[in-house]
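J.: I'd like to ask some things about the structure below.
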Amino acid sequence: MTLWINGDWITGQGALRVRRNPVSGEVLWQGNDADAAQVEQACRAARAAFPRWARLSFAERQAVVERFAGLLERNKGELTAIIARETGKPRWEAATEVTAMINKIAISIKAYHVRTGEQRSEMPDGAASLRHRPHGVLAVFGPYNFPGHLPNGHIVPALLAGNTIIFKPSELTPWSGEAVMRLWQQAGLPPGVLNLVQGGRETGQALSALEDLDGLLFTGSANTGYQLRRQLSGQPEKILALEMGGNNPLIIDEVADIDAAVHLTIQSAFVTAGQRCTCARRLLLKSGAQGDAFLARLVAVSQRLTPGNWDDEPQPFIGGLISEQAAQQVVTAWQQLEAMGGRTLLAPRLLQSETSLLTPGIIEMTGVAGVPDEEVFGPLLRVWRYDSFEEAILMANNTRFGLSCGLVSPEREKFDQLLLEARAGIVNWNKPLTGAASTAPFGGIGASGNHRPSAWYAADYCAWPMASLESDSLTLPATLNPGLDFSDEVVR
């Protein structure tokens, strides 16, 4: 029984799904997808639970969420192993994900009060108040690269605001989704407040097509995000928050410490085997001898990155990709770029057949026309050389995406120029593209999102504002508008 609907674990009525470790092939989880009727059932449960959950005080909802945080802490080792085994990422990185989930609780509580709490302003004849109200029933679509942390970034603020939820994990990480749901169950969530439906495309389509849905919170690919946007385009009454990918540029301008810059680049491009939406996909490198030296060092150090299994000792920097198919897609993308005229500096290699262990790839595309503006979701870095900083900014902005952008340079003036001209929601200076602050919004523009950033701003899309003018008594104004007559004289 792998679906959690209205406080009960039930068996899915859809197709059988089996999840294997992407490196070893070990069977980790199996269960049946939710069919359309069960998705409807989950929605009815969420709708029925909404009034009571929304009427609880914030402190009461906060208490449940904080119990969940405590359970995460006590079960950190077990959840770390589940996420690592299912995604293929190393144990150390899965542990940082669970830590981020724990930290998200306190951050979300604070963000609720700052972004969507209550405010009151006194007026001469009363007061003006601002409150926030939950939307109702929200669907949360989770991604596979951070199957605990990223859905958590939607679920926690949505629950705090008073919404009820139908959560569909990625079909590639059902075990992680179930493990997190069991912790929510232990935290004492009332039946129907959070429901879990497993499945792939058909389950997702049934969920997004629900009429009695007040909103959808999505993290995933741009293609799927565009499909959801089209599907809900005629329904402005439904909130839609899209967090999508990027074709992110990292500009290496002047480098004081080559090894430090190489380290930053590897952290930007290859952490999580290149499976972060903020990963650097395009390296824009200044022409000249220093750039040549940097590139040679980058290739040399990247060549030493050997992917390993989740529990290998010593621990590897990167593990496997989410699937063998995903790894093969990266290899295919590299082959296509090479066929277009790209110059391979480091060829990506599958370490063995029927696994997702893939070494990083680096290919120079300077002077090659018609390079697709697409996100390759894996450890493949494309390199372009530039002559002037103005040219670098033009190249950085030459994308339909707009998630992250970074600059390595000792010059504050150049960063200030980039801040003015960059088209990206995250712009970093001498910091990895994959780094983000929990007290800042996280999201992009263009094909990277729809102006509903998550993280610190997640509270914004989990509640709607209600403005009120208030007075505890009613009296006739001393001064009336022209044309109003309240005298006792009878008009004949």
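A Cβ is built for glycine as well, from the same backbone N, Cα and C atoms used for every other residue.
Quick paste from Swiss-Prot:
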- GLY220, SER221, ALA222, ASN223, THR224, GLY225: NAD(+) binding site (BINDING)
- GLU243: active site (ACT_SITE)
- CYS277: active site (ACT_SITE)
J.: In whole Å, note down how far the CA of GLU243 (active site) lies from the CA of GLY220 (NAD(+) binding site).
T.: 6
J.: Measuring Cα to Cα, how many angstrom lie between SER221 (NAD(+) binding site) and GLU243 (active site)?
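T.: So the Cα of GLU243 (active site) lies 8 Å away from that of SER221 (NAD(+) binding site).
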J.: Around ALA222 (NAD(+) binding site), how many other CB atoms lie within 10 A of its CB?
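T.: Excluding its own Cβ, ALA222 (NAD(+) binding site) sees 22 Cβ atoms within 10 Å.
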J.: Among the binding-site residues listed here (SER221, THR224), identify the one with the smallest other-Cβ count within 10 Å.
T.: SER221
J.: Given a separation of at least six residues and a C-beta threshold under 8 Å, show me what packs close to GLU243 (active site) in the same chain.
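T.: Sequence-distant Cβ neighbours: LEU150, PHE218, THR219, GLY220, CYS277, PHE442, GLY443, GLY449, ARG452, PRO453, SER454.
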J.: Among all protein chains shown, how many Cβ atoms are found within 10 Å of the Cβ of ASN223 (NAD(+) binding site), not counting that one?
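T.: If we count other Cβ atoms within 10 Å of ASN223 (NAD(+) binding site), we arrive at 12.
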J.: Starting from the Cβ centroid of GLY220, SER221, ALA222, ASN223, THR224, GLY225, the recorded NAD(+) site, name every other residue in that chain with its Cβ within 8 Å, sequence order please.
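T.: Along the chain, the qualifying residues are PHE218, TYR226, GLN227, MET244, GLY245.
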J.: GLY220, GLY225, CYS277: which of these recorded positions has the highest Cβ count within 10 Å of its own Cβ?
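T.: Comparing the recorded positions GLY220, GLY225, CYS277, the most crowded Cβ belongs to CYS277.
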J.: Please report the DSSP secondary structure of GLU243 (active site), reduced to three states.
T.: strand
